[in-house]
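Here's the structure, in structure tokens; my notes come after.
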């Protein structure tokens, strides 16, 4: 549906226009919206108009069947014990989910297993960090485990804090504090402060970027090892008690997590191919993405003991200071009387090939059974997984139950819906990636969309959505139909509360929708296969709350009680997320015409091109000297805009009783995302193949637009060979221009 995101006359708008549309244009757009809506309504065929009410009634029945109390019960059941990937406990949970999905009424529910490389602490030789004196005596050791939360003291098989896939090693040396270990932090240390990190052990605080990027940056700097810790400035919200009296991180709490740099490869031993019984496996020395230096996480109580002795240079500015009572000196090494002391790492973790299990449920479509809409989320957790992932798994469970109830009553979706409970997401998205690799040919031909369902909440302030532009209109229209769960918005729509609390910085009158990055199971579907993807959850107020994510992330304190006592006592936010995720899946599976709007892609493509052009114009002399031009990209985007507009007009006029024409145009919409995929992938990241979107090279969690061009421009003023660097910029512009032109071609009327 035409909405304020679209522009009324794409051919007459200057490419480098101001961000905000003028008031007159908004009035004109609104007028055209009304006229278009009325025109479209009155030209509906009698059959189509007659079908609206039954379809709407089924959707209402589906949404009404979703119950907060059921989600609460499912979450409680899923969080009684740990479900670490590769363990018997997680296998048993897979079988439990399989059995219950069958009871709910799905046509089939199967287990799909793979043998992948996982990582575990050594049970007899624990990992820890020590301070040693000049004779090698240990004078301080970090904690070996987290104090258990109340009520969980007798739970066994709680994995102690560790960095998954850290190599074994016992390096010792001077300590250097590197802030968040971002690229810009190392630029500050090495270029401005002239501090050499080579041969040092680094300590960095969690936050801002993916932990694997921190480790990669440390390796590039020549470090012997890196220690990660959660600073209270990032994981302790002001005015809130630490767990169990509040939702803040205690001093002994530690964030677990993998530290791989896979760039979409999946299992490190079988990159690009499923890790089945007959797969060829690389040797460990050849494995993809494994870190080369020891890594270990600690809590901020232990970090205090290390940082309080730091000598050397003072922090360059206040942005390097956390909230511990330490000076945050950079080092290298300790100060004064402690200068002869060193830091030593003791890392003994083991990498092992272990079997993992996905649960795949199928609800067969009645009209287009060969077109798949997928709802997937992972079930493996570092410990109890109260938020990550079981708040998402509980919602998926309830969505499956609601769909199953409709099926038992004789209803079927138009298209097939697949439900997935992924394994080993925490280790590197292994379950989803291996399954997608095994089924890639089928998915490329039949995949309509993938909706991710990891954690349902990371706060309780407002909705957060990341998705392809094809789904913008779908998400906006759906949220206008749903009731907001937010206090002060009684009787108002979810769209209204979302728009007020998180407005788009680019489009007036619309809520913010973010780009897809990575760090979750949509990666292989979107970045490698080009299947339209999205995700939704409830989040915190990112404007006022500067702490990273939620404080107890990946710690032993991420329990059911954390959610039930502090985040969502009535589970109304979980229910809202279930309605959004389930509603999106319902529309994707049942709309006669795919609910994708290609015009939204046209608008964002132009914005992305403008952004990169503006970045490049920070170097006007080099642009001129090396004959770098964005004209081909702007021309391609302009062409895409015109063709997308024409396509949308044809959709409005489409005879929906003509099955051949309907199939043709639906397939054009389905394959549009695929048209942005290039077979060779991005430079040095072959499994990231989407030309428009990719995870940032400097932070896996964040999405970047036109990533090939962006990476070529990054830090270009410091490249050794400017001619080669600007040549790469030109090459990436040409690839982007070709891809956008080619994608536009797929929307042309079929001869």
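From the backbone N, Cα and C atoms, a Cβ is placed for every residue, glycine too.
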Per Swiss-Prot: Zn(2+) 1 is bound by 378, 388, and from 302, 454, 466 the site also lists 454
With 388, 426 listed by Swiss-Prot as binding Zn(2+) 2, identify the candidate in 554, 574, 619 belonging to that site. 554
Using only what Swiss-Prot says about substrate binding by 211, 258, 518, 519, 520, 535, 536, 537, 553, 554, 700, 701, identify which of 103, 110, 425 is listed for that site too. 425
When DSSP is mapped onto helix/strand/coil, what comes out for residue 211 (substrate binding site)? helix
Cβ atoms within 10 Å, counted per site: which of 211, 378, 537, 690 has the most, among these recorded positions? 378
Subset of recorded positions (337, 378, 388) lying within 10 A of residue 554 (substrate binding site), CA to CA, in sequence order: 388
Provide, as an integer number of angstrom, the distance between the C-alpha atoms of residue 154 (N-linked glycosylation site) and residue 388 (Zn(2+) 1 binding site). 22
Which state, by DSSP, holds residue 639 (N-linked glycosylation site): helix, strand or coil? helix
Quick check: of the recorded positions listed here (77, 211, 477, 519, 646), which one has the Cα closest to that of residue 454 (Zn(2+) 1 binding site)? 519
Taking the mean position of the Cβ atoms of 378, 388, 454 as the Zn(2+) 1 site, which residues outside that list, in the same chain, have a Cβ no more than 8 Å away, listed in sequence order? 377, 381, 385, 389, 392, 393, 425, 426, 455, 520, 521
Taking only the recorded positions 141, 196, 378, 388, 646, which one has a CA atom nearest to the CA atom of residue 211 (substrate binding site)? 388
Can you tell me which of the recorded positions 77, 388, 460, 477 is spatially closest to residue 701 (substrate binding site)? Compare CA atoms only. 388
